[in-house]
Amino acid sequence: MKVLIINGPNLNLLGTREPEIYGTVSMETYLENLKSEFVSHEIQYYQSNIEGEIINRLQKDDFDAVVINPGAFTHYSYAIADCLKNIRKPKVEVHISNIYKREEFRQKSVTAANTDAVLSGFGMDGYRLAIISLK
């Protein structure tokens, strides 16, 4: 299975950004661990701080399933939500922190309704759990 993991804005700073919320492990290190665990999967990774670039990557449609952490786009990107709606493959939304325990504006996801599942608050392990859930 070819799994595309997409991270949105500021998630390029994992490992250094607000470690009390997001931890101290970089995404690069975590990806190495995922690839070691899921050897039967081809795991691709893409990160962008730009909404349109995320949409362009999703529209390439060169994957079997997608795991997406839209970052702040979660709360207001109807464009990414519409793009996800058109993807007819398994989709899981992941949030490292529990968005429902954070500021009020972070407690709504406009993208979640267009995914099959949402994992929130499991730390970096949310990505691993998302891959396990894919069928």
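Think of each number as a place in line: the chain as shown, counted from 1.
Backbone N, Cα and C define each Cβ position, glycine as well.
As recorded in TrEMBL:
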ACT_SITE  TYR22  active site, proton acceptor
ACT_SITE  HIS95  active site, proton donor
BINDING   ASN69, HIS75, ASP82, ILE96, SER97, ARG106  substrate binding site
SITE      ARG17  site 'Transition state stabilizer'
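Here the features listed in TrEMBL are painted onto the structure.
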| residue | record | DSSP class |
| --- | --- | --- |
| ARG17 | site 'Transition state stabilizer' | coil |
| TYR22 | active site, proton acceptor | helix |
| ASN69 | substrate binding site | strand |
| HIS75 | substrate binding site | helix |
| ASP82 | substrate binding site | helix |
| HIS95 | active site, proton donor | strand |
| ARG106 | substrate binding site | helix |
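The highest number of surrounding Cβ atoms within 10 Å, among the recorded positions ARG17, HIS75, HIS95, ARG106, is found at HIS95. Taking the Cα atom of each, ARG106 (substrate binding site) and TYR22 (active site, proton acceptor) are about 15 angstrom apart. In this structure, the C-alpha atom of ASN69 (substrate binding site) lies 15 angstrom from that of ARG17 (site 'Transition state stabilizer').
In this structure, the CA atom of ARG17 (site 'Transition state stabilizer') is 19 Å away from the CA atom of HIS75 (substrate binding site). The Cβ of SER97 has fewer other Cβ atoms within 10 Å than any other of the binding-site residues ASN69, SER97.
Rounded to a whole value, the Cα-Cα separation of HIS75 (substrate binding site) and HIS95 (active site, proton donor) is 12 Å. TYR22 (active site, proton acceptor) and ILE96 (substrate binding site) are 6 Å apart (CA-CA, integer value).
Around the Cβ of the residue listed as 'active site, proton acceptor', 19 further Cβ atoms fall within 10 Å across all displayed protein chains. For ASP82 (substrate binding site), the same-chain residues lying six or more positions away in sequence with a CB closer than 8 A to its CB are ASN114.
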